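Novice: Take a look at the following structure, please.
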């Protein structure tokens, strides 16, 4: 018993000693592990518990729900600020004051012009009625003008030709078109002038209120105010009301290359439209001549300008062009290009009416144009502007309140200074012993890889969704409801980014602390934006300033909140300070993103049948999400979980996807307040094909139907069953441009079209085309001289045969320009009256062929008057649903072989 008792005591003593030794050993092992971990990466241990466990400290983890809600509310608040700035069209009202622009008077001009109706070049409405109205108003303005000024008026009717690298390239010829030119100058005259340009013509079947009658109305009112002003002018102001811009910039070419006043012009302001109302955006300046941007910055009362828009437009991804190109390329004159960009859904449609343009839109445009023209008319720089032709400008407005502008070379210096700051910031981290020894570089590089993987996989995901939706025939479901695109593609992108980073956090960085990872991924985002800054600056893009903004403010924010972040961890105070520091880049980012979608979304409804709009929009939206989420990635590593957020995003995306697939969202709208019509072009055409002997080998007639978006006629067929795939048009392989009367060379954009059989059309003014002469030239080429007569708009097509080349012609600069696909396209128009169009082409024949050397065709387009209509065309138009806009006219097509 005693032995047993003694043994028990010994055992208790030994057990206690063993426990103490075990605890000491465990403590020693823990310290060793901690030391080893420190050697591996002290930074990775931020926020660890005192016992060295691997779990994250609760106090450093942000609440998932609260963080997600805070970020969502933050972005919504910024979006609300952007919307507020866009709705505030004028900063101060001056309408009605003596010597100020009066929008009510300008609206009166606008309503009178649009009341005339569609104004196509060559029509009575354009060449007589509109011109008469303009001359009447100019005469009244002249009667009220101040004796300090002199007003001269000239009606120009130029004839000319040029080639243009637009829509794949083609040549333009015009005859007897109309320009109304007004010169306002000091009584003693002036040796230099500033040009203000608008166009009063419109596309067929549209009143053209925004494009471009409102600009002409603004110019009339500016002319009235300036001519009545008691303030002396140093230079002249030439107001050009051109009557053939919609004919691919013909009237501006006629003015700048032929008018005697053109030699006075030192700079210009071009007023255009790609939408209806809203703010007019400065989207092109120069080339070079930074003094022009400075003039706008100094004078404009309601600025709205962006060098980003300029570089996007000049990249060619927007299928449009303006008179700016003509003055720049053919006149070698610098200028400013402005355009209304809001509500492009009704641009070039019957809905482009005067009542849709707000009075404040007219007021702000008038205030700006008047102020800038006054500034330039008294500028010492204008007369010797060539001396100031150096470099380009970085310019951007801040919510329409002011414009910041500086030379691009200064911008490059600033950008590289910002890059150096980032290099110092990251270099300092790498030089810290704890980071050098902790494989910070490895974690950083892995973080970059994870970020790029998340972006790539998210882009692939939304593209798969977009392609699937396109294949099942549900494209453009977001066209009438843009939030559908956000709920479908935006949520998918965000969910995939969060998912990839959550996997990295759980399986790769499982032993790293939240705070360490939060800082690490801030650094990776900073580095990515810095890399973009370097690339854009090196390539000479002025829009690199945006990347600089997305580097400077986040870096300053990080430096300001770093101590608080280290001391207190990721808490509400940190989130508030962090979001406050990101205010400027995110606000301006959303501001630009709005502009991008305001321009591109309507364009995708008229971009042709070959470009899947969902793929384009999904890509743009995914890139925007990547940019906006870049500095929010850090929160993925600071929250306690992301499960609910991912599930919510997936749920929203899945529900939207199912609704889209079921056809719940119809793309188009006939809502009178905000119509978003489907564009369809109808041409009742009679075609005649001749062989080499001149005999007719084929003759047919029908209504040629082109849908200008990716959905084709799928939504129209239920309303008009006869328009179905059984009448799909077939390409005539041996004929230029597939044997159809293309108004412009957009055949590569619209390959899906329909040909509904219909009776032959017989216009009262039929087109005539004949070979005048065929001559063999001394240099072994064949010169073919042709003569054509017909309506105000015609198209001429040429295709050379094997062994033949088109060496020269009497059009443009004499050098034939091929269109996309290898054929030659000539756009012809004339004013109210014109003589026969005579021209020649010269064909070099290296090898004679039995089928001849060249095939030519001519199409006549009847865009105005009674000739534009046919009973079959009218009957078909009536069948189209009210959510569509069918633009219709009559055409003839004749093909010949020589």
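FYI, residue positions are counted from 1 along the chain as it appears here.
Glycine residues also receive a Cβ, built from the backbone N, Cα and C atoms like all the rest.
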Novice: Among 185, 246, 311, which is the one Swiss-Prot gives for the Zn(2+) 2 site where 211, 348 also bind?
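Specialist: Answer per Swiss-Prot: 246.
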Novice: Labelled N-linked glycosylation site in Swiss-Prot - which residue from 640, 724 would that be?
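Specialist: Checked Swiss-Prot: the N-linked glycosylation site annotation sits on 724.
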Novice: Using Swiss-Prot as the source, do residue 198 and residue 669 end up on the same side of the membrane?
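Specialist: Membrane side for residue 198 and residue 669, as annotated in Swiss-Prot: identical.
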Novice: Using a Cβ-Cβ cut-off of under 8 Å, list the residues of the same chain that are 6+ residues beyond the ends of the transmembrane segment (67-87) and lie near it.
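Specialist: Result: 278-279, 399-401, 575, 579, 583, 586-587, 590-591, 594, 628, 632, 635, 638-639, 644-645.
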Novice: Same chain, not part of 211, 246, 348: whose C-beta falls within 8 angstroms of the C-beta centre of the Zn(2+) 2 site? Give them in sequence order.
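Specialist: Checked against the 8 Å cutoff, the neighbours are 202, 203, 206, 208, 212, 273, 347, 352.
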Novice: What's the CA-CA gap between residue 246 (Zn(2+) 2 binding site) and residue 724 (N-linked glycosylation site) in angstrom, rounded?
Specialist: 32
Novice: Using a Cβ-Cβ cut-off under 8 angstroms and a sequence gap of six or more, which residues of the chain neighbour residue 724 (N-linked glycosylation site)?
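Specialist: When sequence neighbours closer than 6 are ignored, residue 724 (N-linked glycosylation site) has 713, 717 within Cβ distance under 8 Å.
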Novice: To the nearest whole angstrom, what is the C-alpha distance linking residue 216 (disulfide bond) and residue 348 (Zn(2+) 2 binding site)?
Specialist: 17
Novice: Need this for a regression test: recorded positions 176, 211, 347, 348, filtered to those with Cα within 10 Å of residue 198 (disulfide bond). What's left?
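Specialist: If one measures from the Cα of residue 198 (disulfide bond), the recorded positions that come within 10 Å are 211.
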Novice: Which one, from the recorded positions 176, 246, 347, has the smallest tally of other C-beta atoms lying within 10 Å of its C-beta?
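Specialist: Looking at the recorded positions 176, 246, 347, the Cβ with the fewest others within 10 Å is that of 176.
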Novice: If you draw a 10 Å sphere on the Cβ of residue 211 (Zn(2+) 2 binding site), how many other Cβ atoms land inside?
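Specialist: Around the Cβ of residue 211 (Zn(2+) 2 binding site), 25 other Cβ atoms lie within 10 Å.
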